[in-house]
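*Asks:* Structure in structure tokens, see below.
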Amino acid sequence: MSTNRQAAAASRWRIPVLFAILAVLFILEGTVRNGMFSGSWNTSLAILNMGLISAITALGVNMQWGYAGLFNVGVVGFFALGGLAPVLISTAPVEGAWQAGGPRMLIALATAVGTLALASLLWRHMPRGKLRGLALTVLLIAGFVLYRGLFDPAVTAIESNNPARHGNIGGLGLPVLLSWLAGGIFAAAAAWAVGKVALGLRSDYLAIATLGIGEIIIAVLKNEDWLARGVKNITAIPRPVPFEIQLQRNPEFMEFANSWGMAASTASGIWVKLCYMLLFLVVLLLLILLAELALKSPWGRMMRAIRDNETAAEAMGKDVTARHLQVFILGSAVIGIAGAMMITLDGLMAPVGYNPLRYTFLIWVMVIVGGSGNNWGAALGGVLIWFLWIKAEVWGPELIAFLTAPLPASSFKSGLLEGAAHMRFIAMGLVLLLVLRFAPRGLVPER
Amino acid sequence: EEIKLGTSLGFTGPLESMAPDMQKGAELAVKEISDSGKFLDGSTVSLVQGDSTCADAAAATATVERLITAEGVKGIIGGMCSGEAIASLENVAVPNGIVMISPSATSPALSTIEDNGLFFRTSPSDARQGEVMADIIMEKGIENVAVTYTNNDYGKGLAESFEAAFTEKGGTITTNSAHEDGKADYSAEVAALSAAGGDALVVAGYVDQGGSGVVRAALDTGAFDTFVFPDGMVGQALVDNFGEEIEGSFGQNPAAEGEGRDIYVKMAEEAGYDGTGAFSAESYDAAALILLGMAAAGSSDPAEYKEKIMDIANEPGEKILPGELGKALDILSEGGDIDYVGATSVEFVEPGESAGIYREVSFTGGEMEVVGYR
Amino acid sequence: MNYLSATDMRGGYGKADILHGCTLNVEKGQIAVIVGPNGAGKSTAMKAVFGMLPLREGQVTLDGQDITTLSPQERVRKGMGFVPQVNNVFPSMSVEENLEMGAFIRNDDIAATMDQVFDLFPVLKDKRRQAAGELSGGQRQQVAVGRALMTRPQLLMLDEPTAGVSPIVMDELFDRIIEIARTGISILMVEQNARQALGIADIGYVLVQGQNRYTDTGQALLADPEVRRTFLGG
Amino acid sequence: MIRVEDLHRHFGGFRAVDGASLSIETGSITGLIGPNGAGKSTLFNVVAGVLPPTSGRVFMDDEEITGLPPHELFHRGLLRTFQLAHEFASMTVRENLMMVPGQQTGETIWSTWLRRGQIEREELELRKKADEVLEFLTIRHLAHERAGNLSGGQKKLLELGRTMMVDAKVVFLDEVGAGVNRTLLGTIGDAIVRLNKERGYTFCVIEHDMDFIAKLCDPVIVMAEGKVLATGASDEIMQNEAVIEAYLGTGLKNQVKAGTG
Amino acid sequence: MDILNAVVAVLNFVVIPATAYGAQLALGALGVTLIYGILRFSNFAHGDTMAFGTAATILATWGLQALGVSLGPLPTALLALPVGIAVTALVVLATDRAVYRFYRVQKAVPIIFVMASVGVMFLMNGFTRLLIGVDEHRFADGARFIINVRDFRDMTGLSEGLAFKTTQGLSILMAIIVVWILFWFLNRTRSGKAMRAFSDNEDLALLSGIDPEKVVRMTWIIAAGLATIAGTLYGLDKAFKPFNYFQILLPIFAAAIVGGLGNPVGAIAGGFLVAFSEIAITYPWRKIAGYLFPDWQPDGLLQLLGTEYKFAVSFVILIVVLLFRPTGLFRGKSV
Ligand SMILES: Nc1ncnc2c1ncn2[C@@H]1O[C@H](COP(=O)(O)OP(=O)(O)OP(=O)(O)O)[C@@H](O)[C@H]1O
Ligand SMILES: Nc1ncnc2c1ncn2[C@@H]1O[C@H](COP(=O)(O)OP(=O)(O)OP(=O)(O)O)[C@@H](O)[C@H]1O
Ligand SMILES: CC(C)C[C@H](N)C(=O)O
Ligand SMILES: [Mg+2]
Ligand SMILES: [Mg+2]
């Protein structure tokens, strides 16, 4: 018992201390210039901003894994779907696109959804047997033919509308912050559909299903040009913050920058990044607050019970399926929000970039290193791992230069130095293994 | 003064095998200028390497951010792939007012991007290559082709511009379908292409990626034996990989007539790397242009030298080949004019990209032969 | 001389000790039974004897040899067999394979021993090809005991072997245990079915909070009203 | 209360439950005994909705409940314990109990953000209740222990404790006694009787300890090979030839010896 | 004649490539499934282990070629394979000693092992590239074809050709041999049974006198062997490029999981299921229709879905399979 209390006392300080260390890393990155750090606030803040987005993503994954034990390996898919929101909600409408095929497209999509809904009704309400199978097949085939009949011409029409520049359906021109919410909703809707189908699967089997769904979502984003130009990318997505150039042309800001003794470009860069940082921080803290409130209450207890033993939780009256679906949707929504935020930050939607290594596994690393089941841990892991991932680009080659320094010049040494870029992976691997070694349950363990 | 330039190339990621030779190209130009001692009152130049990963826009942006704000580079050679190049240009280079010259980002989207005159590229937009390729194929009397492209903005953009040009000229495209890079197996793609048929297969992909995989599977199954290779495919690797198997195939890549390229390849050989590697020569030119621009402006401030780049790239002036950068510096310091030709016969059109002179190659007897320029 | 002698064992799972100087002795061919309330540390003591728990103090000797520092699998080779209280079968292996695994360290012919086990637990013979994880609770328990018997140990340790087995099988089991003991094998077992178990015990230990509370012959313990009331359910 | 009609549950070709029909009267403490592998646990699992039946129907208060999911049965007042303890291993013992009651305000996610006060109050109640149950089961001192660290018997107690957290109508106990100290088992028996008398719970108890069955249960149902073999008062059953042959055995000698010893 | 043409076309473009690819996936999936079954975690480093093993084999092959050794029509790499396996086994054992053992002693939960394997994946990934570089290597020598298209046409007079590569034949043959040996080992030998017992219940295995460290070592050695063989066959058939070996991890995992994790038969079935669904579903039937119904001139390609969705299709199939068999075709484990 006494050991318990000691552990509790230790963990009370653990979180602030770790966050303080993290803050120091970023301050060093912003101020000190040597082989390890760049000494640029712009760099430091840029890393931090993406780190905050990663932290939110990690938070979403943590909800699914840490609270409920759902093994979602399709993170990249939900993240990408969230990224679709700024494109569809906030970019300017594309002239002629809607007239070309908008309504037809909506009807086609409605047909598809309707067919599926009808099919599931049929499945539930018809008695078992051959007839049911037959009816279902006929319905699905008819629905598919009808859908393709409506869908294909609509796609052709939209995509042939100025394909070099547009060829997509365009956005609604709404404020970009709204699209963050929409990103969450997109991802949540997909999660609902996926969850309905796949949540019956356990652990690694769920993993492969979600992995597949992630790949499918990415494939759709890449190949359905009418949606967001596919691999041809959408650029110039609106921003919620001023452009650096605008600031540089603003005399007041210039004066302000001068009073700090900073060059215009540096100051404007920092300013913009600080604006983003504030926005991201607000979102992150709000989400953590909500998550903590939920987790530290009977809801969270119920989730842990379900994670520990589904059969028993079910026998104790908890609707495991519904809860799984709920938390899967919530977590995905959070991932979607993060996805929308990243696209806003990048100002670019490039589906080719969505690769699972970066947007699924790296996020998983963040969650586990941070400490799964713990919101602060996940956030910490998110920022920290992102920092290391970026710094590994510099540290890797430094490391190998250091290691090979004593070697005499030879082709072996130059070969090693040439491969220095790959030290990025080695450095990342080492960091991961070291953290896991010294904090096997994560930096901030669940309890 | 010590001036720094940065490279932002995909040293890790799907094009990791292409990046090193590009880096070497840039290094060669930097070294040549730096060692000449004639640059901006004896300033030295150094090159800072950055990893753009080719695929991950966020990582590329972070890299360029570091190069600019932390390393303080005055110009960037990169990005490598169009998507990532656009992201880092819009998010970092333009806000910070730094010049970026990409050796290899060829997406048509970059022609119209808002860049404040900061972005240039030593490769042409793919919009042009489509036309050239269509001409070449038509002239061979082939009217029926299947197209497979790597599923990114480069591949798709090229495939679309080619399709438009080719059908315009009366040809037929039996299928125009994508392949993903880095997949384990391309049998399905080849099966589909073969079923669609066609007298030749246009492979708008990367030679050390899915492009080769598709060619391999197509050869093995006998689906096609004539291939058309655009820039992502043309390279020594193609000859090494397939040798006589692709007898009778042909292709084109941006590279201009003249000794420039041969000189560069020789220089590269002396420096111990392969100068024929895709976009390696373009990287040399990109670095040279930035530095010569600085020399012409007499300043390393991007806001000033960005204005000079079009001037030095085009006529009038004395033609400058690779290895003659010292001479160029001399001319510039005397206030003369130069017309940088470089390794790829640089000729810039508005808004600051290579006009697009292509070299037509064919594969006979296990060798790649240059048959003409257009 | 005791065949097994575990003296003054101290140890636990984390920082806190569960065993506070517990001593267990079994002579050759004897049956020793440990009883006690839930959570007294009976299973912990068994694990300690088997080397699955680091001891902070105390010593375990087998046949006069000090085995305190040996690993569990080395103790198996010294002739100890153990049936844990939970997780005591290989769930995805067939019943037959479970028994074979029991004989893993033996190099001689195991067919005869297996027949003996099947004689003892006839159900298992019918279910020999079925995965142990699909058996009923009591059948699993029988597989678990059978597995340990396959080792042909010199010292057989059983943690609640009769939990969940039906009366008829339980009687069989106790009869068989007596028989085994007669062949010179020592038995150390934990039982909640204390009255039957103490009935056949040569020596009984009552363990409370990691300490020996009473130690006596089985019959004597059964006769002690205090012991009966507090530990044996009246 | 519970009626089972011609229930079958097959595993592949094996008939674990093979046409069992039985009923559990409201207010009774019904014993369910039978040799190992008779199909008792399988029957439980089918009734409790864990396994779908191959055929046959289950009724509760004349309403068909065949195939309803366990959580729904819980809300109808049907509770069960598991033969192999199913504790929530990483949660504390007290949390294991506190999570049981349904309809907690704090279990809907919106209320965790909006109705903190209400939740606080409910939690206090729950904590008190949980502590009472722990007290009763003699494991109050373990309230803060991880449930996964409990001893085998303690886990069984926790299983039982969970059913005491809510007002149930019918409780299925699958071998609560196995591995539980006999003195404590006596107390548990008393508690079952008390819950039955005072709160009107109906019980169905699987147990191999015949003393326990005899003291508590009336009637007793005997299963063998997936079918019901006999039903009756416990002393009747103990004399039943078929039951003795299939289940009890004649060799009660140890027990007798112990009883007189 | 036309029917024969149709059959040959399907064989050439669907059956043979899918079978060879399926065999390669199956071998990879066997390694994954073995680790999962016995050490109970999904080993993300398996793809890079394959890459490393192949790199080692290639280096050995070059060595042999430099010595002038050759296997005639068979690739020299087969001779180099034992060297590759040995080196990989050593590396993998060292990794276990340095990384995984620690967590085993701690009895860490599987996800920690998974993450540790991600760390190992990064390391191996880097080391392989340092060892052999990032470029593509072809190391298949010997005869390329058992039958090639031209010969087949000349032989049969059909207009469709049929190609069967040596490496495809090798892949299939090796898969059969390796699988057979593995089965025999796991189900018939003492060590094999000890491995299964260990996978079922580690503590009880200990109580039965099984040395857990020995089991673990054995598992890693076999996994290293499987990885090297799978990687080398794949590299021989396609080409070796370190980057691709991370990509192939995806279909390999899909195969292992859909077959039922921990179940070797499942891994094999899964490998073929994945390969065939990728290749067969997106196959356009126009040519075949042309042979079978010469009068019919369809406009489209008669393709169910474009090849850009081939992964999507194969995953949809996997998901459907899992919906009906939640732990895979052959009832796998789940931790
Ligand atoms: N999943 C399964 N697959 C195959 N057979 C099974 C499965 N579950 C149970 N059985 C078989 O069904 C029969 C009945 O098992 P059940 O668990 O219902 O017995 P029980 O009456 O509860 O016995 P016990 O008193 O030993 O707990 C047993 O013979 C068992 O082998
Ligand atoms: N893995 C563990 N980690 C921490 N504490 C444990 C662990 N296992 C058991 N304990 C604690 O040790 C004490 C003794 O447990 P043990 O299993 O030895 O009891 P037991 O006498 O066998 O009880 P039972 O009759 O219920 O099986 C218990 O209070 C239990 O909570
Ligand atoms: C490296 C190059 C082949 C890149 C390609 N041209 C692109 O724009 O993406
Ligand atoms: Mg115990
Ligand atoms: Mg049972």
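The backbone N, Cα and C atoms fix where each Cβ goes, and this holds for glycine too.
OK, TrEMBL features for this one:
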| type | residues | note |
| --- | --- | --- |
| TRANSMEM | A:12-28 | transmembrane segment |
| TRANSMEM | A:40-61 | transmembrane segment |
| TRANSMEM | A:68-89 | transmembrane segment |
| TRANSMEM | A:101-122 | transmembrane segment |
| TRANSMEM | A:134-151 | transmembrane segment |
| TRANSMEM | A:171-193 | transmembrane segment |
| TRANSMEM | A:205-221 | transmembrane segment |
| TRANSMEM | A:270-295 | transmembrane segment |
| TRANSMEM | A:327-349 | transmembrane segment |
| TRANSMEM | A:361-387 | transmembrane segment |
| TRANSMEM | A:422-439 | transmembrane segment |
*Asks:* Any residues 6+ beyond the ends of the transmembrane segment (A:12-28) with a Cβ under 8 Å from its own?
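*Replies:* Distant Cβ neighbours of the transmembrane segment (A:12-28) are 36-37, 44, 47-48, 376-377, 380, 383-384, 387, 443-444.
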*Asks:* Taking contact to mean three or more C-beta pairs under 8 angstroms, with sequence separation of 6 or more, is the transmembrane segment (A:270-295) in contact with the transmembrane segment (A:101-122)?
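*Replies:* With fewer than 3 qualifying Cβ pairs, these stretches do not touch.
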*Asks:* Sequence-remote contacts (6 or more beyond its ends) of the transmembrane segment (A:134-151), Cβ cut-off under 8 Å?
*Replies:* 104-105, 107-109, 111-112, 114-116, 118-119, 122-123, 126
*Asks:* Could you pull out which residues elsewhere in the chain have a CB under 8 Å from any CB of the transmembrane segment (A:327-349), counting only those six or more residues past its ends?
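*Replies:* For the transmembrane segment (A:327-349), the sequence-distant neighbours (Cβ-Cβ under 8 Å, at least 6 residues beyond its ends) are 49-50, 53-54, 56-57, 59-64, 67-68, 70, 72, 75, 78-87, 176, 179-188, 190-192, 194-195, 199, 228-229, 233-237, 239-240, 276, 280, 283, 287, 303.
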*Asks:* Sequence-remote contacts (6 or more beyond its ends) of the transmembrane segment (A:422-439), Cβ cut-off under 8 Å?
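*Replies:* Residues 365, 368-369, 371, 388-389, 392-393, 395-397, 399-400, 445 contact the transmembrane segment (A:422-439) from elsewhere in the chain.
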*Asks:* Quick check for me: are there 3+ Cβ pairs below 8 Å between the transmembrane segment (A:40-61) and the transmembrane segment (A:101-122), leaving out pairs under 6 residues apart?
*Replies:* no
